[in-house]
Every structure is written in C-alpha cells, then in structure tokens.
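Below is one structure, written out as structure tokens; comments come after it.
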Protein chains: 2
Amino acid sequence: MSNIYIYSPASAVRDKAAFRRGVKRLKALGHEVEIDADALRAHMRFAGDDATRLAAIGRAAASGADVALISRGGYGLTRILPELPYKAITKAIEKGTRFVGLSDFTALQLALLAKTGATTWAGPALGEDFGTEAEPDEIMLACFGDLLDGSAEGSGWTLPLADAKAHATKPKRHVHEATLWGGNLSVLCSLVGTPYLPAVKGGVLFLEDVGEHPYRLERQLTQLLLAGVLDAQKAVLLGAFNRFKPVPGYDRGFSLKSVTDWLRSKTKTPIYTGLPFGHVPTKVLLPVGRTVDMVVEGRDALIFWGHEH
Amino acid sequence: MSNIYIYSPASAVRDKAAFRRGVKRLKALGHEVEIDADALRAHMRFAGDDATRLAAIGRAAASGADVALISRGGYGLTRILPELPYKAITKAIEKGTRFVGLSDFTALQLALLAKTGATTWAGPALGEDFGTEAEPDEIMLACFGDLLDGSAEGSGWTLPLADAKAHATKPKRHVHEATLWGGNLSVLCSLVGTPYLPAVKGGVLFLEDVGEHPYRLERQLTQLLLAGVLDAQKAVLLGAFNRFKPVPGYDRGFSLKSVTDWLRSKTKTPIYTGLPFGHVPTKVLLPVGRTVDMVVEGRDALIFWGHEH
C-alpha cells in the first residue's frame, strides 16, 4: 500500500493515546507508517522549538513518502512562515508526496501556494481523525483512500435546505477553472496583508473554524469582505464552524445564520454552506491550489478537479 | 463644566445599572450629560441595527458636545465602516468635539485616521470606567479632566523592571514627531489589508487586548510583523492584555512574557510594556493620530503631544 510520514509542525501532541491509535489504524489499513523523530517533542505549547519543527518539516519533505500527514494542528506555523523550506516541499510534491492536514496547517498550505503555487491537501490529521476512540469516519476514510490510490477526482455534498433556497433563482451554476483555496478562517485572516496570502482571483474559497463565536467569525469574514477577497472569488464555501459557546441572553438571535445572511447581503459572490470539512469527523479532501470546476444544481454541489497529474 | 454626549456605536448595553451609575458620576463631576435616543437600544448583540447605530454616530457628531463618549465597546463597528459619516465626524472634531472610547471603538478611530487624518482619543467608556460599583480610578479621572479643561499634554508611566532591563543598553531614547496610533489588537488586525488601516510609517503604535490567550496575541502580533507594520514603527507600546484563561499543563511556559521576548527577537523596533491602557481601571488618554514625541530614560517613559490646538 502507501507510505505515510507522520510529523508535528505545530502544537505538541498531548493526547498520545490518540496518536498511537492513529498510527495503529493506518497500519491496519495496510500502510507503512514512518514517525518523525521529533513527532512527540514538546517545547511550551509547541512540538519542539521553531528550529526543531522546521527540521521536521524538512524531513517530511525529504521522506519520499506518498503522504506527509500532520499529527495535529493547534498553533505554531504562522511564526515560522519566513523560514519554511518552500523549495524542498515543492520538490517533494512534484515527486509525488501529498502534504495533508488542516487548521493551523492552513498557514503552510496558503504560504506555499503564494510562494510556489504547489498543491497541498486540506484533509484529516492523525490524532483527531485516525486516532478516535470510535471507528474513524467512513467518508473521511474513503476520501483518504481515493487520494492514496490516485482515484480522487472531486467531492460532492448536499446543500442544506436553507442554502438551496438562497440560490433558488439560479437553477444551475457552473464555475469553470477556478483555483480552489482556503482552510481555517482565523489562520487565513492572520495572513491578510502579509506576503503569505495567495492573491487568488476568480477562485473558489472554502472556510472552516472551530471554537470561534459567530461575532469573531463575522469580524473575520468582514475583514475578507473589506479587503476585497470575497468579491474577487467566484464562490465561497462554508464548512463546519463549531464548538463555540453561544452567550444566552446576549446573542439574542445573533448566530451563524445571521452572519451568513448578512454576508450574502454584502457580496454578490454566492456563498454555499454545508461543505463537509472542518473540525468534524466527516470531512472530504480538498486540493488547495488546484484548478477546479464546480457545479451547483438544486441541492447538489460538486467540486471536480479530474485525475491527478 | 463640559457637555458630554453618550451614544452606543457597537454592542448593546446590558448592564444598565452601570450605565446609570456612569451618567450619575459624570453629572456629579459637574458635567452636562446628553444621552442619545438610541443609547439603550438592542438588536441581537448590537445597540440597534446597523442603520440605528450609524444614525447615533451621526447625532453624536452633530451634538456640538465637548466629548462624545461611547457607552461601551463590544462588537459592531467593523461591519459598518464603509458607511460611517467620516466627514461629519471630522467636522465635529474640528469644531472641538473629542471622540473618546476604546476596544471595538478602535475600528472607528483607525478608519477615521486612514480616511481624514482626524484625531480621536483612546480612553474610557461610560459603563466600564465611570459606572463601576467602586469609585472610578483616580488616574483615569485626572486624565479625563485634563482632556476636558484642555491641559492634557502627555502621558507618562514607569516601565516594568524587566522592560527597563531589555533596553538597558539605551540609557535614553528620544522619538521625535511620530504619529501615535493603535488600540485594540484584535480590532486593529481585523483591519489589515482593508482600506481602513492607516498606513502609518515611523509611528508609535500602542496595543491592548482583553480575553485573548497569548497564542492568539502572538498570532496577531505575527501578522503585524509579517505585514511589515511593526518594523515600520519607531516604537511599539504594549498596554494591558488581561482576562484570558491560561491552559495549565498545556502552555508550559508559553506566556505573555515569552510572546514579548519572541517578538523582540524578530523586530528591531523597541517594544515597551506596561502602558497604562486597556481593559483595566487605570488608563491614560491617548490621542490617536496626533504627532507626539516620546522619551524613555531608565524606567521612565513619557509621551508628549503638547497643547491642544
């Protein structure tokens, strides 16, 4: 089967049981798993100091593995963006290594896209997705399997009913040849104004976040709106925004829905929700930086990027 | 004495007792207090919908008051930045109205500076500063009094010992004619990349925040670093960063101090801490957009802007 290299570019692994379960599961799926020497290192909140994590990323790029998979996200990549080994990662991708991850990993993915245009994969992390106490999600596993055997060609999902209504006037929408990009909203917003945000025009932008109250999400989406990022896209896809604490008696109707409604009133770019991606078990894999087509018809949405080349 | 206009440009006032205490205190200080008709309105989290708050800001500008003081911060200004009555506010400031506030109000202050160059005042809010159950802070009151009688010429503070050490090689530093600007770090970062962040070069940038874990603060400071904002300043002043929850057993030494140490290793711009400003009772008033001089000698720091003109 495939060779998978596990490394820790961001936060320290605290749930070592989940880490071990994840490795075991990948092996049970028939994969060879190589664990980076510093995958379980810890320095403050980080999986080793900056130099340690930069070296780990370099080893992942040099591994020759089919997949370089992050142990977890957390926090740690934005502060080492200027020192990332962009050339080595890009070379590894050209040779066939797929870099997979999410959340804080968005920083590396977008910086790489900005610097070299190379494609990485927004997808699972070892601990949270493969190391679950329950069985890993079947759709996530199927998408991961498709990536490994080269048969991943696209991802589809059913729009929530409210969303299908929001676009009822457009029975069929076809987006041609758009750059798919995005990831974690907080991390993406922290790159605005820096050289590490790719200047994607006419793209399809996907976003997710975890543990952020809707007022924070709205402030961040407003930043993208006022910076002209949303208007410059052909479509915006909202994935999961979860694990935040509403403030009863304070929000009084202010919610994810009111945020989405407000945003739709401020940009002509269509905003679709329900993308199965984010800090949830059911997640598809999405090629960040790849040219995609997108079709929305009724409640069916499909992103298609064709065969890997 | 002075005429003070109270209005609500952002979050709804929930603590009405504090609001009433604040009004009473201002009156007891001898001021005339005018309360905007919609100061206590509520719409979701906001003090009225967008149009209501925009109209309230317009009335504050038209009030002819000596001070237009926000009832509170919260959240609500970033999403109405494109519609703010910049000309009316600027005209009011030219006629002598000082706009005072903090936190979410940073959005209006920086957008106004970017659009028209007008000076506003980073300072207290009605509820949290004048409406306290205990007596309001004496330094805050003295600074507010100085602003009202036109004798506010500068603000000084004592650097924390650790900070004096960080700059021990520079026994005296004098910054000449720099634009003072800044405010709430989260709000300021949400303006990066938009037309509402003033492009200040060679300035003195002050920052504060509340309820943000150091890893979030570091990510935001990193954004300012990578966007070139920190390197472009002559000095960075850190005020209060408080009311966040450390994560015991997870942070393991990652703290405000480690964030400051790291930042100092990444920029040559001197970073001074201990500025008495933020979500704390003891706060000075700072003119956002004014040209200031700054002197640091030993543990004494002084910002001086001279007489009001």
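In case you wondered, yes, glycine gets a Cβ from its N, Cα and C as well.
For A:S103 (active site, nucleophile), the number of other Cβ atoms no farther than 10 Å from its own Cβ, over all displayed protein chains, is 26. The active site, nucleophile annotation in TrEMBL covers A:S103.
Annotation source TrEMBL lists active site, charge relay system at A:E208 (among others). The Cβ of A:E208 (active site, charge relay system) lies under 8 Å from the Cβ of A:L102, A:G183, A:N184, A:L185, A:L238, A:G239, A:A240, A:F241, A:L275, A:F277, A:G278, A:H279, each on the same chain and at least six residues away in sequence.
Take the CB of A:H279 (active site, charge relay system) and look out to 10 A: across all protein chains shown you find 21 other CB atoms. Classification of A:H279 (active site, charge relay system) by DSSP places it in coil, neither helical nor stranded. Look at TrEMBL and you will find A:H279 (among others) tagged as active site, charge relay system.
As annotated by TrEMBL, domain 'LD-carboxypeptidase N-terminal' applies to A:4-123.
Residues or ranges marked as domain 'LD-carboxypeptidase C-terminal' in TrEMBL: A:178-293. On the 0 to 100 pLDDT scale, the model's mean across the domain 'LD-carboxypeptidase C-terminal' (A:178-293) is 97.
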Within the domain 'LD-carboxypeptidase N-terminal' (A:4-123), how many residues are helix, strand or coil going by DSSP?
54 helix, 22 strand, 44 coil
